[in-house]
Amino acid sequence: MAPARKFFVGGNWKMNGRKNNLGELINTLNAAKLPADTEVVCAPPTAYIDFARQKLDPKIAVAAQNCYKVANGAFTGEIGPGMIKDLGATWVVLGHSERRHVFGESDELIGQKVAHALAEGLGVIACIGEKLDEREAGITEKVVFEQTKVIADNVKDWNKVVLAYEPVWAIGTGKTATPQQAQEVHEKLRGWLKTHVPEAVAHSTRIIYGGSVTGATCKELASQPDVDGFRVSGASLKPEFVDIINAK
């Protein structure tokens with residue numbers, strides 16, 4: 001029997017916080033009883049990666065919220081994977097809907113970033129998800145499969161990749177996909193993986209859900225067989241993040 005997938009909870013602090021209130025949040029996380037069989041990763045703003053890594057309990061990993069597709073160069077405002085590692089972070093979030101739709105990042109660029117980050121030794125939380133008009137048009141599968149294919153084409157070793165399904169219509173809106181909606185897409189994503197990567201990889205790759213996850217909604221979502229964890233934004237800045245980490 002294949003081993004169970006380790007539950008994964010990632011907090012995305014986005015462009016929020018200052019040292020004083022992030023320090024309070026970190027103290028709350030450090031003092032909390034967290035399950036040993038759940039992997040926890042926090043993604044602070046780039047300016048606070050070093051601060052978070054120094055203050056957080058070592059069992060909680062740190063991620064960057066973005067990186068570029070090359071190591072160095074004349075790319076004002078960007079950060080390379082090697083720099084991220086130098087700050088003590090071990091993960092990077094790529095393909096978030098805000099990077100896609102606010103900053104205009106293409107599937108191709110996201111794929112290039114994934115390839116470079118993995119080559120440099122970072123773990124990648126790769127985000128995919130449809131917009132509301134795409135869901136209403138009945139093309140959710142088409143959209144997320146196309147996004148996943150570009151990511152898969154750039155992955156050689158899936159051990160350091162987590163797929164995050166984040167329906168854009170549920171991010172920061174207070175709307176959450178029902179457990180059934182989340183499970184349906186996660187199950188189809190795993191089915192897509194089974195036909196495009198080795199079956200063992202399809203089984204072991206974690207597919208997590210993001211989109212207005214709260215302490216009130218997390219337990220039922222976590223009970224779904226193909227929901228392997230969460231990406232949490234607003235609630236990750238609040239004490240209820242501890243409840244979400246303990247959802248499984």
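Glycine is no exception: its Cβ is also placed from the backbone N, Cα and C atoms.
Fair warning: this is a prediction, and the values are worked out from it, not measured in the lab.
Taken straight from Swiss-Prot:
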- His96: active site, electrophile (ACT_SITE)
- Glu166: active site, proton acceptor (ACT_SITE)
- Asn12, Lys14: substrate binding site (BINDING)
- Lys142: SUMO1 cross-link (CROSSLNK)
- Lys14: N6-acetyllysine (MOD_RES)
- Tyr68: 3'-nitrotyrosine (MOD_RES)
- Ser106: phosphoserine (MOD_RES)
- Lys149: N6-succinyllysine (MOD_RES)
- Lys156: N6-acetyllysine (MOD_RES)
- Lys156: N6-succinyllysine (MOD_RES)
- Thr173: phosphothreonine (MOD_RES)
- Lys194: N6-succinyllysine (MOD_RES)
- Lys194: N6-acetyllysine (MOD_RES)
- Lys194: N6-methyllysine (MOD_RES)
- Tyr209: 3'-nitrotyrosine (MOD_RES)
- Lys238: N6-acetyllysine (MOD_RES)
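Feature annotations (Swiss-Prot) mapped to structure.
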{"residue": "Asn12", "record": "substrate binding site", "DSSP (3 states)": "strand"}
{"residue": "Tyr68", "record": "3'-nitrotyrosine", "DSSP (3 states)": "coil"}
{"residue": "Lys142", "record": "SUMO1 cross-link", "DSSP (3 states)": "helix"}
{"residue": "Lys149", "record": "N6-succinyllysine", "DSSP (3 states)": "helix"}
{"residue": "Lys156", "record": "N6-acetyllysine", "DSSP (3 states)": "coil"}
{"residue": "Thr173", "record": "phosphothreonine", "DSSP (3 states)": "coil"}
{"residue": "Lys194", "record": "N6-succinyllysine", "DSSP (3 states)": "helix"}
{"residue": "Tyr209", "record": "3'-nitrotyrosine", "DSSP (3 states)": "strand"}
{"residue": "Lys238", "record": "N6-acetyllysine", "DSSP (3 states)": "coil"}
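Local packing around the recorded positions His96, Lys142, Lys238 was summarised as the count of other Cβ atoms within 10 Å of each Cβ; on this measure the leading residue is His96.
Tyr209 (3'-nitrotyrosine): 31 other CB atoms within 10 A of its CB, across all protein chains.
Between Tyr209 (3'-nitrotyrosine) and Glu166 (active site, proton acceptor), the C-alpha separation comes to 6 Å. Listed in sequence order, Leu118 are the same-chain residues at least 6 apart in sequence whose CB falls under 8 Å from the CB of Lys156 (N6-acetyllysine). Annotation for Lys14 (substrate binding site): spatial neighbours Pro45, Gln65, Glu98, Ser233, criterion Cβ-Cβ under 8 Å with sequence separation of six or more. Residue environment of Ser106 (phosphoserine) contains 10 other Cβ atoms, counted within 10 Å of its Cβ in all protein chains. Proximity of Thr173 (phosphothreonine) to non-local residues of its own chain (separation of 6 or more, Cβ distance below 8 Å) is seen for Ser212, given in sequence order. Just so you know, the Cβ of Lys149 (N6-succinyllysine) picks up 14 other Cβ atoms within 10 Å once every protein chain is counted.
Reported as a whole number, the C-alpha separation between Tyr68 (3'-nitrotyrosine) and the residue listed as 'active site, proton acceptor' equals 21 Å.
Considering other CB atoms within 10 Å as the measure, the emptiest surroundings among the recorded positions Asn12, Tyr68, Glu166, Lys194 are those of Lys194. When the alpha carbons of the residue listed as 'SUMO1 cross-link' and Ser106 (phosphoserine) are compared, the span between them is 16 angstrom.
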